[in-house]
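S.K.: Have a look at this one.
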Amino acid sequence: MRVLGIETSCDETGIAIYDEEKGLMAHTLYSQVKLHADYGGVVPELASRDHVRKIIPLIREALKNADTRIEDLDGICYTKGPGLIGALLVGACVGRSLAFSWNLPAVGVHHMEGHLLAPMLEDEVPEFPFVALLVSGGHSMLVKVDGIGQYEVLGESIDDAAGEAFDKTAKLMGLDYPGGPRLAKLAASGQPANYKFPRPMTDRPGLDFSFSGLKTFVANTIAAEPDDEQTRANIARAFEEAVVDTLSIKCRRALEQTGYKRLVIAGGVSANVRLRAGLAELMEKLGGKVYYPRGEFCTDNGAMIAYAGLQRLKAGQLEDLAVKGQPRWPLDTLLPV
């Protein structure tokens, strides 16, 4: 089976061709970072319009790069949610329309399931069951995964997600958009142990996250300290260490609660070097193993949507003719495969 994958949930247009036997044959990605930079964040209307401009040329490019004709395709997979409704509808309209005109089955894919399954695109794939830490700009959650579609959310963010906290803190520090990667780069030159920031919600039982208070703590620290490059770097490092420690503590609890020895980390924040190192150290202590996608598949992309969608097409979970987007869509409501 060979499918076309379409991702348009936020500010990246991702297209991919995935074959069940040959693997990933082609993927193209267009990022709108420059478009939104002047606004300090994603402007939904601008994002939707840019998806409209880019999606068809990118589909043509992916088909060409994969040496794939329309008649070679067995289905179309597009992100149905969660995400920005306008952006979602661009991908849904194009994906469902192409499927109808080409007489192909279609499936709407859960964006976070795409992230969760992104490590399956690598040479070394995690076996079920495992615990997944999904960390992105819009989501932070720990999920017990017993199979595709067999998900139990163990904990999630009750306010700011980890990626959102990175971006907002970067903005407080005067860093340009996108702030998260810039803050991590600044933190690399920071000195350890200059500041001690709280590890939110680690002093009580449970697996939920909360990063809004940490962001406020950082804001107060910035206001009270000198405004020089080294001080900013030290604050950035202390913030990053606080987030990484918090995520690591929660992951340990989730692994102990489930008894699992495999940890998957995915989503945009999973590209963070300090987080990867911290979780690798944790899993070594626990006698387990951590899995994550390569850098290009940590951010939103069409490859993960193509892979996740193919699994559901094989299970016969097809989309009807209606074009739908779901800006909110609980992960644990998905059907098992």
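Yeah, the Cβs are placed from backbone N, Cα and C, and that goes for glycine too.
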S.K.: Same Fe cation site as H111, H115 according to Swiss-Prot: which of D300, D320, D332?
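M.R.: Fe cation site check in Swiss-Prot: besides H111, H115, the record includes D300 out of D300, D320, D332.
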S.K.: Which one, G149, G155, G180, G259, is listed by Swiss-Prot in the same substrate site as L134, V135, S136, G137, G138, D167, N272?
M.R.: G180
S.K.: Using the structure shown, find which entry in G137, G138, G180 (the binding-site residues) has the sparsest Cβ neighbourhood within 10 Å.
M.R.: G138
S.K.: Determine the Cβ neighbour count for L134 (substrate binding site): the number of other Cβ atoms within 10 Å of its Cβ.
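M.R.: L134 (substrate binding site): 26 neighbouring Cβ atoms within 10 Å.
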S.K.: I need the CA-to-CA distance for G180 (substrate binding site) versus D300 (Fe cation binding site), whole Å please.
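M.R.: The Cα atom of G180 (substrate binding site) is 15 Å away from the Cα atom of D300 (Fe cation binding site).
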S.K.: To the nearest whole angstrom, state the Cα distance for the pair L134 (substrate binding site) and D300 (Fe cation binding site).
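M.R.: About 13 Å separate the Cα atoms of these two residues.
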